[in-house]
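Below: one structure in structure tokens.
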Ligand SMILES: NC(=O)c1ccc[n+]([C@@H]2O[C@H](COP(=O)([O-])OP(=O)(O)OC[C@H]3O[C@@H](n4cnc5c(N)ncnc54)[C@H](O)[C@@H]3O)[C@@H](O)[C@H]2O)c1
Ligand SMILES: O=C(O)C[C@H](O)C(=O)O
């Protein structure tokens with residue numbers, strides 16, 4: 001039996017880097033798809049040629065079609081436009097919804113057992129589009145944002161306290177936008193509560209920087225948005241699923257009553273295993289966190305109503 005196949009759609013900054021990181025795992029066949037002729041083929045060839053140097057023999061195929069994606073275990077969907085300085089992620093809605101709709105149709109028709117990991121923004125609404133179009137169960141349509149937002153908070157805390165980022169644990173829930181909800185009680189440094197190490201005003205400043213973390217990088221890069229940490233975060237989800245790790249990871253997934261949220265896709269702690277998002281884990285939230293999560297879910301719901309109208313028009 002060959003290696004499991006992972007497809008990456010969109011061979012731009014995030015997708016190209018996801019393909020590279022996956023190839024370096026030396027555990028999958030990788031298919032990289034893009035609409036621009038030459039780009040996925042060129043990047044696939046380049047990644048393949050790094051193999052002898054880096055010690056992997058991953059088969060990486062670049063294509064402008066979908067036949068090569070048949071039988072994929074997972075697709076990481078990064079196709080779509082990124083925002084420019086001064087824009088919100090929500091402004092990408094109309095363009096990216098159309099792209100995600102077509103891409104999901106192509107993927108699911110060739111890989112009926114596929115698990116979709118959405119990366120394209122606005123993230124939570126794109127997971128909604130993918131669910132509507134694919135009809136796949138909620139466990140197989142997930143969004144990557146919580147791992148990234150959490151990694152940002154962990155790295156800001158690590159820098160502030162001069163400790164390794166790996167010693168900082170955290171959990172950021174909610175939609176991938178200004179309303180994201182960092183859980184202070186889940187934030188620890190070398191196993192101790194963050195509140196023992198940081199004054200409230202400093203912690204509040206780091207949380208604000210996390211909420212604005214994507215925009216900070218968009219402002220610095222001028223063209224395009226972050227891709228090193230986003231690609232690492234998407235590959236972390238792929239690994240948790242493919243290795244059946246049963247690890248609790250913040251992901252965008254449909255809530256059906258968990259946290260009091262009904263029929264809305266938002267970032268929540270999800271156990272990732274071989275069947276995808278296997279369950280939503282309910283932490284004990286403070287009243288303030290619960291209210292913030294509800295507000296975040298309301299913002300996502302409003303955006304999903306807009307995208308539903310756009311796609312049926
Ligand atoms: N969820 C997150 O945390 C997160 C993080 C980073 C980026 N993003 C989002 O990911 C998306 C991609 O970002 P990027 O930096 O890689 O952008 P990019 O412009 O570098 O790459 C996007 C690629 O998608 C391709 N594409 C467009 N339409 C397509 C289609 N119909 N089929 C196949 N490919 C198509 C483009 O040709 C391009 O190569 C953006 O929407 C961005 O906002 C989300
Ligand atoms: O900020 C963006 O537009 C890209 C991504 O969502 C991020 O958080 O880096």
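All positions are counted from 1 along the displayed chain.
Just so you know, glycine gets a Cβ as well, placed from its N, Cα and C.
Quick caveat, the model's predicted, so the values are computed rather than measured.
Feature table excerpt (TrEMBL):
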- 5-143: domain 'Lactate/malate dehydrogenase N-terminal' (DOMAIN)
- 10, 11, 12, 13, 14, 15, 34, 96, 119, 120, 121: NAD(+) binding site (BINDING)
- 83, 89, 121, 152: substrate binding site (BINDING)
- 148-300: domain 'Lactate/malate dehydrogenase C-terminal' (DOMAIN)
- 176: active site, proton acceptor (ACT_SITE)
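For the listed features, I'd like the structural context: burial, neighbours, distances.
Using a 10 Å Cβ-Cβ cutoff, residue 34 (NAD(+) binding site) registers 23 neighbours.
Around the Cβ of residue 83 (substrate binding site), 18 further Cβ atoms fall within 10 Å across all displayed protein chains.
Following the DSSP three-state reduction, the secondary structure of residue 176 (active site, proton acceptor) is coil. Close to residue 176 (active site, proton acceptor) in the fold, though at least 6 residues off in sequence, lie 89, 121, 122, 123, 124, 143, 145, 146, 148, 149, 252, 267, each with a CB less than 8 Å from its CB.
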How many Å lie between the Cα of residue 14 (NAD(+) binding site) and the Cα of residue 152 (substrate binding site)?
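Their Cα atoms are separated by 17 Å.
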When the Cβ positions of the binding-site residues 10, 12, 34, 121, 152 are compared with the atoms of ligand 1, which fall under 6 Å?
10, 12, 34, 121
Between residue 10 (NAD(+) binding site) and residue 83 (substrate binding site), how many Å separate their Cα atoms?
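With distance taken Cα to Cα, residue 83 (substrate binding site) is 15 Å from residue 10 (NAD(+) binding site).
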Could you give the mean pLDDT over the domain 'Lactate/malate dehydrogenase N-terminal' (5-143), rounded to a whole number?
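Taking every residue in the domain 'Lactate/malate dehydrogenase N-terminal' (5-143) and averaging pLDDT yields 98.
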